[in-house]
Amino acid sequence: MLLKINDLSGGYGSKKVLHHINISVHQGELVGLIGLNGAGKSTTIKHILGLLPVKSGEILINGVSLEQDEQMYRKQVAYIPEQPMLYEQLTLREHLRLMAQGYAVEEKQAQERIEHYAARLRMTKQLEWFPSVFSKGMKQKAMILCALITGSELLIVDEPFVGLDPLAIRELLTIFSELKADGKGILMSTHILETAERHCNRFILLNEGQIAAEGTTQELRQRYELSNGSLDDIYVAAIEEAER
Amino acid sequence: MTSSVLWRTRYQTAMVEMTKYTRYMANGGLLFTVYFVVLYGLVVYGRFLDQLNPDFPGNLVMGSLFILLAFYRSTRTFLVEADQVFLLPVLPDLANYMKRVRVYNAFYGLIRAIIPFLAVSVLYVRTEDTTPVELFVLFAALSMVGAAANLSKLEGVGHRIVLLYATGAGVLVMLGMGLFSIVVTSLLLLTIYLKKQDQLPLMDWISLEQESRDRFYRIANWFVDVPRLSTTYKRRRLLSHLVEKIGFDHKRTFDYLYLKQFIRSTDGIGLIVRLTLIGVLFMWLGKDNAWLVTLAVPAFGGLTSFQLAPFTRAIDSHLLTRLLPFGDATASKRKVLRLASFLQVVILSLAGFILSGFATVFVGAIAALVIGEYYARKK
């Protein structure tokens, strides 16, 4: 199992946001993390990335926790944040070199990945640009490139489609499919349920820091007795049930 | 919201913010170094004046001051980004607010002229036949240049117009017709008055405020973390090309990141170049005194090291930096600081030795390296 979260409780300082959650992501799997604003999606992601300390429970990536081997843990996970955060003083190509170097990617392989993914996301021309002249969509593509260049086993993705043009969304989804076929795992937080329904293998629905529902679209339909219901319908039903 | 209420709230908020950061700055160790350098500068300048030849062209220095002062323009408008939405309904009623902003900036321009004028006037009175009236007129004309430089930015008047008039006034001073300089500077203010904007140029004034705040925060950032400080970076192709030569080794990840930051930011290599040039200038002014030349090396080396020490602060908290699995950030930071300190000390000591011939500068160099090492090791 690529990502295993066991009985995780956590949050910011003394404020507890997550309550005993269990999540798993297998190799070759795209898991959708969905929930209302403030449900705990971003907090979960920050815990996985080691940006917030775990209060109780454990997070393992390929059986390794952050405390056991920080370098090994971090090397196996890459992140695409919702808000693009780039170094103002580095060009896009320099960002990609830095990420490749920092994730111990071979130089030749890094060069190949840079050219390959930049071309696919139509960013070749922008490789020598500074982020200050990027549009919002370009910044988001730059963050996607930074994550893809690492070749990490697990990709954590937070609202990846915000600001992207339709062609880029389509290409990103194709890349996700290829990564899955290559045995990588992806945990994706999103509010775009229609796209998620078509591409995710499973869903985890968070509500107030707890897992309200979990499973494939088919399993969730059975669970909420919505035989022809879309993920939208399931989502609404799950939230209503959780709030009752 | 009326103009006066808007002005009062914005001005008070800005002053509270400035006071807060100034207090942090006053607590920092850099102030000691700054005081030291200022005192050192005064001693060096005093000695220079004592030995001044009466044939020294004081009028050229005074004339140049007119041009130099016009080069720097700084304006505060106290507007914030959200104003582009919330002030729109009252935009036609903000004439009084604009007036207060103009008065503030003109006054600030005048204040900015005082210290340079005092510094140059003590030289001027020793070399030129002058009268109190002429000195007063020169000060008034210089203040007008300071005020006009700021106001021109507010009114969207080209910088070249200010520079042109200031050069005209400066040339008159250089030719010994200083009393006439006030005519030229009055014409400059009149030109700006005629071009003044009727309606508040909201977007432009918001950008001016942002620019001005950034400048202040960049200084404050030497002492304390300033959130969301936006900075501009230069590409510096040659240096950047050299940094690209760093081996593609995961252990050297932070060497690459920090050196790029160092060569691109104005607080990195730009800072060293500026302080080294000022240091060399000080050594030239005090070249007859072994102590002054020797002390200049640790004074400017120390000042540079102190200011450079936090140069990685902004990127250390960056998300991408925190996610990087490999590399030794502390070791890389120390490496960059040591390299920067060493290069600067070599340049300063060689310059000191060439200018003065005193071998004691090398003692100063050792002291400077020790100070540099202290800041490199400081967490």
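Placement of Cβ uses the backbone N, Cα and C atoms for every residue, glycine included.
Just so you know, TrEMBL annotations never went through curation; they're auto-generated.
Straight from TrEMBL, the features:
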TRANSMEM  B:21-44  transmembrane segment
TRANSMEM  B:56-72  transmembrane segment
TRANSMEM  B:106-125  transmembrane segment
TRANSMEM  B:131-151  transmembrane segment
TRANSMEM  B:163-194  transmembrane segment
TRANSMEM  B:268-285  transmembrane segment
TRANSMEM  B:290-309  transmembrane segment
TRANSMEM  B:342-371  transmembrane segment
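Tallying C-beta pairs under 8 angstroms between the transmembrane segment (B:56-72) and each of B:131-151, B:163-194, B:268-285, B:290-309, B:342-371 places B:163-194 first.
With a cut-off of 8 Å between Cβ atoms, the residues of this chain six or more beyond the transmembrane segment (B:290-309) that come close are 29-30, 33-34, 36-37, 40, 43-44, 47, 222, 267-268, 271-272, 275-276, 278-279, 282-283, 337, 340-341, 344-345, 348-349, 352, 355-356, 358, 360-361, 363-365, 367-369, 371-372, 374-376, 378. Between the transmembrane segment (B:163-194) and the transmembrane segment (B:268-285), the number of CB pairs under 8 angstroms, six or more residues apart, is fewer than three, so the stretches are not in contact. A Cβ distance under 8 Å defines the sequence-distant neighbours of the transmembrane segment (B:131-151), meaning residues of its chain 6+ beyond its ends; these are 62, 65-66, 69-75, 102, 105-113, 116-117, 121, 124-125, 157, 162, 165-166, 169, 173, 178-179, 181-182, 184-186, 188-189, 192.
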